[in-house]
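According to TrEMBL, the protein has these features:
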DOMAIN    A:149-330  domain 'ABC transmembrane type-1'
TRANSMEM  A:38-57  transmembrane segment
TRANSMEM  A:69-90  transmembrane segment
TRANSMEM  A:102-122  transmembrane segment
TRANSMEM  A:157-176  transmembrane segment
TRANSMEM  A:188-207  transmembrane segment
TRANSMEM  A:213-242  transmembrane segment
TRANSMEM  A:263-285  transmembrane segment
TRANSMEM  A:305-330  transmembrane segment
Amino acid sequence: MSTYSASKTVALKQSAEEGAALSGRPPSLAVSLPSGGTGVFASLAWVGFGISCLWWPDIGDWPRTHQLAAAALVIAGAIFLASVAGNRLGRFNAGLQRRAPWLLASALFLTLWEVATAKFAWLPLPFFPPPQSIIEVYTDDLPKLLDSILASVKLQLGGYLIGATVGFLTGVSIGWSRSVGYWVHPVLRFIGPLPATAWLPIAFFTFPSSWSASTFLIALATGFPVTVLTWSGVASVSNAYYDVARTLGAKPFFLVRKVAIPAALPHVFVGLFMGLGSSFAVLVVAEMIGVKAGLGWYLQWAQGWAAYANMYAALIVMSLLCSGAITLLFRTRDRLLIWQKGVVKW
Amino acid sequence: MVAHALAEAVAYPAVGASLDVERISHAFDIDGNALPVLEDVSFSVKPGEFIALLGPSGCGKSTLLRLVAGLGAPRSGVLREDGDPVTGPFPSRVVVFQDPTLFPWRTVWNNVALGLEAQGILESQRQRVDAALDLVGLSQFRNAYPHLLSGGMAQRVALARALVNDPKILILDEPLGKLDSLTRITMQAEIVALWQRKGFTTLLVTHDVEEALFLANRVIVFSNRPARIKADIAVDRPYPRHRGDPKLAELRRNILGLLGLDATW
Ligand SMILES: Nc1ncnc2c1ncn2[C@@H]1O[C@H](COP(=O)(O)OP(=O)(O)OP(=O)(O)O)[C@@H](O)[C@H]1O
Ligand SMILES: [Mg+2]
């Protein structure tokens, strides 16, 4: 810790280098400016955004404009303080350095959005709501939004876990046992490629509730890619591994658990990613058509009322949730497949 | 017999098993045609003996080793370990393949532990894994994943993975084939030292006549496919051996002759 001011410049310089080392190669903007410089500019841009909210009068009736401006100024202040504090914030500072260009760009984008909608209506109004009306949705319609989020997460999680588990077990069985493969493979070939949404009409009247029907569909959408990729993973395990394990005394169950499955795991994760993608699609459709809850339903409800701000708000939440789910899956994979070299960082 | 006397003089700890190869013939089906690979191969290995198998590429040496390991059944003939017929793989006969085939998802330690784990005795015998890693000088790398190892290190891990099971018969299929010549020479010396210390019976396939003569009590030379035994040569020289030994040079000339490479060598 430096308490002597002469050492400060050195410390700041060092922190910039740390930041650069951590981020690999940040855009040249961040490098060419003195340390913390981009942070200061980002802070200024946020001030600009705050002022843009207040400078011109709103052309519509949006009660959250002042709060939005205040929030922008608070963010600007926080960025400014953090940039000036520099090295004393340690790792946080490195993260800030790396993100400063993005903070700057997003402030510029928000300003443009604000001006183009709320102030001059360059974009046709009901279809392109300003930022403050989306904030308004998050503050005023929070209970309904939270209910929808909860419903979506519950449905998605249940269906995905069932589909992934069943798919994994099926894939391992087909890959391992010839006789299981004989019976399951044709069924898989016949049913698997069918988009899960094609089952929608049938599922909704054969299942006791629309919730169980949707769970089934999500599980189906997840299960197919997981099954196929697990299967191909298990089938492509080199015989040399089995030979080695067998000469060391491994029994069939050990071979499945400790050789086939770990060797197939990279494939399994590819299947899990594909399954996640297609199950999101099914989730939204199922919620729009059958289940009267969840973000998909919220979207449709908002459309019915021409509540465009609610739609954008729900879309943003949805994208955060999907991205969060993918990130979680990537983290899990990175943990389990730490032995692989050169995995993609998400 | 001189070779016999010598073998007894070296006072092996008695852990090696005897191996009897009795009239083994084997063939593979390729597109409906039988491809004969081994033809009436018979030899006996005494407990603790070190046998090198030499022969042209593709003659059937690896096939024979797989049969000894129990990874397949011969078309005809019997293999006996200490008099009992071999019916399947068993950890008393462990193979080190030409490729180290380490499990990439296991650390070095866990790779070596594989055999004990498969036999369900790892928890009580963890120190054996540490000892095996010490033996091949890789204790420092116990937590490394295989992709970080050099070729020679990987091959040493494969050796430790075999040795940790205290095999009675160690089966080595060109274990040093892919190594550079320096590492190779070092590993040859290590293998001899291990073999002398542990006393297991060893079957080594190699393409390198010098390696065979440097390591083995006996060298068995095979013909072209289908493999038949062409010669069974005792190497009655004491260990540690010297590569310049004129007796070994003479044997080398003989063997190269048997393999069809004549006088110029
Ligand atoms: N599983 C198999 N199916 C069919 N043919 C095989 C099989 N394994 C080996 N062969 C054939 O048997 C013959 C002997 O193979 P083997 O691997 O035993 O030779 P090798 O003596 O070990 O040769 P190298 O010294 O080159 O390793 C070869 O012609 C090979 O093509
Ligand atoms: Mg071979």
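Our numbering is plain: 1 for the first residue shown, then up by one each step along the chain.
Each Cβ is built from the backbone N, Cα and C atoms, and glycine gets one as well.
A TrEMBL annotation is a machine prediction, not a hand-curated record.
Within its own chain, the transmembrane segment (A:305-330) is flanked in space by residues 126-129, 133-134, 136-138, 141, 145, 148-149, 152-153, 156, 269, 272-273, 276, 280, 284, 295, 298-299, 346, which lie at least six positions past its ends and keep a Cβ under 8 Å from the stretch.
Simply put, out of A:38-57, A:69-90, A:102-122, A:213-242, A:263-285, A:213-242 has the most Cβ pairs sitting under 8 Å from the transmembrane segment (A:188-207).
Looking at A:102-122, A:213-242, A:263-285, the range that has the most CB pairs within less than 8 A of the transmembrane segment (A:157-176) turns out to be A:213-242. When Cβ-Cβ distances below 8 Å are used as the criterion, the transmembrane segment (A:38-57) is approached by residues 29-30, 65-66, 68-73, 75-77, 79-80, 82-84, 96-97, 100-101, 103-104, 107-108, 110-111, 114-115, 118-120, 132 of the same chain, each at least six residues removed from its ends. Panel annotation: around the transmembrane segment (A:213-242), residues 155-156, 158-160, 162-164, 166-168, 170-172, 174-176, 188, 192-193, 195-197, 199-200, 203-204, 206-207, 255, 259-261, 263-268, 270-272, 274-276, 278-279, 281-283, 286-287, 290-291 of the same chain, lying at least six beyond its termini, place a Cβ under 8 Å from a Cβ of the stretch. Counting only same-chain residues 6+ beyond the ends of the transmembrane segment (A:263-285), those with a CB under 8 A from a CB of the stretch are 152, 155-156, 159-160, 163-164, 167-168, 171-172, 175, 196-197, 200, 214, 217-218, 220-230, 232-234, 236-238, 241, 294-296, 299, 318, 322, 325-326, 329, 333, 336-337, 340.
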